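A.B. asks: Before I ask anything, here is the structure I am working with.
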Amino acid sequence: MPYTLFETREGRQRGGYRAFAATVMAGIAVIWGYRAAEIPAAGDPGRWPWIGIFISEILFGLYWILTQSVRWRLTYNFPFKDQLSLRYSDDQLPNVDIFVCTADPIIEPPVLVISTVLSAMAYDYPPEKLAIYLSDDGGSEFTFYALIEASNFSKHWLPFCRKFKVEPRSPEAYFSLDSALHNCSQEWIHMKKLFDEMKERINSVVEMGRVPKEIRDQNKGFSEWDNGVTKQNHQSIVKIIFDGKNHDNVDIDGCVLPKLVYMAREKRPQQPHHFKAGAMNALIRVSSEITNAPFILNLDCDMYSNNQDTIKELLCFFLDGKRSQDIAFVQFPQDFDNITKNKLYGLPDQVINEIELTGIGTYGTALYCGTGCFHRREALCGKKYSEDFNGSVHLDAQTNKEDPKTINELEEACKLLVDCNFENGSQWGKEMGLVYGCPVEDIVTGLTIQCRGWRSVYYNPKKRAFLGVAPISLDVYLVQFKRWSEGMFQIFLSKYCPFIYGHGKIKFGAQMGYCVYLLWAPLSLPVLYYATVPAICLLRGIPLFPEVTSLWAIPFAYVFVTKTCWSIVETITCGSTLKAWWNLQRMLLFRSTTAFFFSFIDTIIKQLGLSQTKFAVTAKVAAEDVSKRHEQEIIEFGSSDIMSTMIATLAMLNLFGLLLGIKNVAALDLESFYKGMNKFILQTLVCGLIVMANLPTYEALFVRKDKGRLPASVLFRSVVLALLPCLLFAY
């Protein structure tokens, strides 16, 4: 009887959630009924604000209905890697190609990149079946030099990892652990010394701004940079550092090393290069020529391996036989190793990782998130799934496959595959590889694969498989979310809208689940309305909510309180703290009123043909003082851009609205005071909650003296902009 390599289990206690959701839906329906029945008459000053908030609450309600698609039913996947070992010997395991992508040696330092590469080389997997490909979209000789250094260091690092069962296998992460956790043996001290010396050499070369001649002379590969290579203008470069055949490609124990390849595809100023999607497609073609492994793991350069057994766990989903033939990819959640206890910036959102992504994976449509994803090559290359496809991998035929080409011949052949003109007139970026034309190429690529009949799996192991670098400053955080939300809204407005492109191809619940994220940008409109109009109307004495003593106040209170309590329960059961929940609410407010709003505006402008897609690489390193404040859980504002001004202006507007609104009510006689408070207490609570969420903003405006404060220019602009409605509408 064949061994079962994985199983899927139904989540428990969903009945309680469904009952809760039904009561919330009833409350939302009552609120809609109240809004429709109580619209002020024409000529009433509160008529248009009332209609606006009615529309906002309709949008909130519809979006909440969408979110039920990823919560209604949860299933969890469990691989059995021990069973894999019983079914397949090491000789029978399939070859695996690992792609690591980097784009800029300044924003993504070479030391960070090679730590990820080394962690991939050190998997507990037959090394002759592993191939690691580094795509350097910056075409940087510094990155190439760092990879050469890493290849030499790997000859010591891999035996060290095997001998001491090292975890994690990124040397940067491993040696950053508290030294008290280590035995600090002579071997440990020696290995750390080797690593520190390598880091010092790499950083010295980067700081010097050039690779010294004596180093260049030692490796002919540096000749590629003899002709004025720049980030946006360079020829194809492919260098096979370890080919698996050379007898010198062994570690200090005499064991073969994984194949290691450097690639920089050709880039020219007037030629579109399609950002990361173009780099991934170039990697697919190069790897097909060199190794052509049936499975591909793709990682961002800052997303190092945290579990030596990950590949074996992943293969359980592809080699099960009975239930794996239609699986195209397995996606892991994105986790980070530089987060604070209370998740200052709300990352990672454990509720998304453990509930929402699990829920959409239940439909067989796990989201492809661009990193930490294990692909079946055939599906990634455009093959459609059909029932006669058995998903089998010819395991015996792929081991130690001899290629008659020499290394130089292979390199030259691969260069032709990654020049600027290779894709012209082809299906690359359309039906083959990652899809072009969208900043979030991963999401749309996953959708197209699923619409070709394939299934995808979401796997969230207890031991985190990959750990990356999360933003530790607010401006970088918001830029990242702006790029994501803008790209996802573009998908919704394109032919790839799940309700159109996925109609009849994926389940309706999956279409809804996709739109939970694709509609982040337009969700900003009702959030922004709630963050401005109630405060302005409080100044004008215009009530927007029922009196607190009215029965109509009950559905408002019920929906708000129960949703908040359930949200807190979800957060805590997912392993976060109450303060982490509150920090996330603040970040949801910040990104909804800035990043999401501006991405909505930019997307509409692009749809009108007035702008072109741009791609921003977020920084992976920060200054020492920024890191220190992050460890102390102090928000790093420090920017005078428009998003910081928007945050500060909304904070000041709600503060003024709250204070002046209460002042105006308090100025009335006692009877009128109680009547006024009865009419405005819910509105006051809305402003008060926004003020509470913005306490760090006020501190950054008025109290802090460090570099992470908000600049005086932001203080001036925000106060002026917030005072305008106060002067116009206060009485």
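Glycine residues also receive a Cβ, built from the backbone N, Cα and C atoms like all the rest.
The annotation active site is assigned in TrEMBL to D137, D442. Look at TrEMBL and you will find E108, D137 tagged as UDP-alpha-D-glucose binding site. What TrEMBL lists as Mn(2+) binding site is K276, D300. Among the features that TrEMBL reports, transmembrane segment is placed at 16-36, 48-66, 514-532, 552-576, 588-605, 646-668, 680-698, 710-730.
Show me how these features fit into the structure around them.
C.D. replies: Around the Cβ of D137 (active site), the number of neighbouring Cβ atoms within 10 Å comes to 24.
Other Cβ atoms within 10 Å of the Cβ of D442 (active site) number 23 in total over all chains.
The local packing around E108 (UDP-alpha-D-glucose binding site), expressed as other Cβ atoms within 10 Å of its Cβ over all shown chains, amounts to 27.
Long-range C-beta contacts of D300 (Mn(2+) binding site), restricted to its own chain and to partners at least six residues apart, with a cutoff below 8 Å, comprise V100, C101, T116, G370, T371, G468.
Proximity of distant same-chain residues to the transmembrane segment (514-532), defined by a Cβ-Cβ separation under 8 Å and at least 6 residues beyond the stretch ends, is recorded for 52-53, 55-57, 59-60, 63, 66-67, 69-70, 356, 360, 365, 367, 443, 447, 481, 484-486, 488-489, 491-492, 497-499, 502, 589, 592-593, 596-597, 599-600, 603, 650, 653-654, 686, 690.
Residues 531-532, 534-536, 538-539, 541, 590, 593-594, 597, 676-677, 680, 683-684, 687-688, 690-691, 694, 697-698, 701, 710, 714-715, 717-719, 721-723, 725-726, 730-731 of the same chain, all 6+ positions outside the transmembrane segment (646-668), place their C-beta atoms under 8 angstroms from a C-beta of that stretch.
Within its own chain, the transmembrane segment (680-698) has Cβ neighbours under 8 Å at 530-531, 534-535, 537-538, 543-546, 548, 553, 556, 582, 585-586, 589, 634-635, 637, 647-648, 650-651, 654-655, 657-658, 661-662, 665, 710, counting only residues six or more beyond its boundaries.
Among residues of the same chain six or more beyond the transmembrane segment (710-730), those with a C-beta under 8 A of the stretch's C-beta atoms are 535-536, 539-540, 637-640, 644-645, 648-649, 651-653, 655-657, 660, 664, 697, 700-702.
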A.B. asks: How about the transmembrane segment (16-36) with the transmembrane segment (588-605) - do they touch, taking at least 3 C-beta pairs under 8 Å (6 or more apart in sequence) as contact?
C.D. replies: no
A.B. asks: For the transmembrane segment (588-605), give me same-chain residues lying six or more residues beyond its boundaries with a C-beta closer than 8 angstroms to one of its C-beta atoms, as numbers and ranges.
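C.D. replies: Here the qualifying positions are 346, 474, 477-479, 481-483, 485-486, 489-490, 493, 520-525, 527-528, 531, 611, 642-643, 646-647, 650, 690, 693.
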A.B. asks: Which bits of the chain, at least 6 residues beyond where the transmembrane segment (552-576) starts or stops, bring a Cβ under 8 A of a Cβ in it?
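C.D. replies: Distant Cβ neighbours of the transmembrane segment (552-576) are 17, 20, 23-24, 27-28, 30-31, 34, 38, 343, 350-351, 353-355, 545-546, 584, 682.
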A.B. asks: What is the number of other Cβ atoms found within 10 Å of the Cβ of K276 (Mn(2+) binding site)?
C.D. replies: 23
A.B. asks: Find the shortest Cα-Cα separation between D442 (active site) and the recorded positions E108, D137, K276, and name the residue that gives it.
C.D. replies: K276
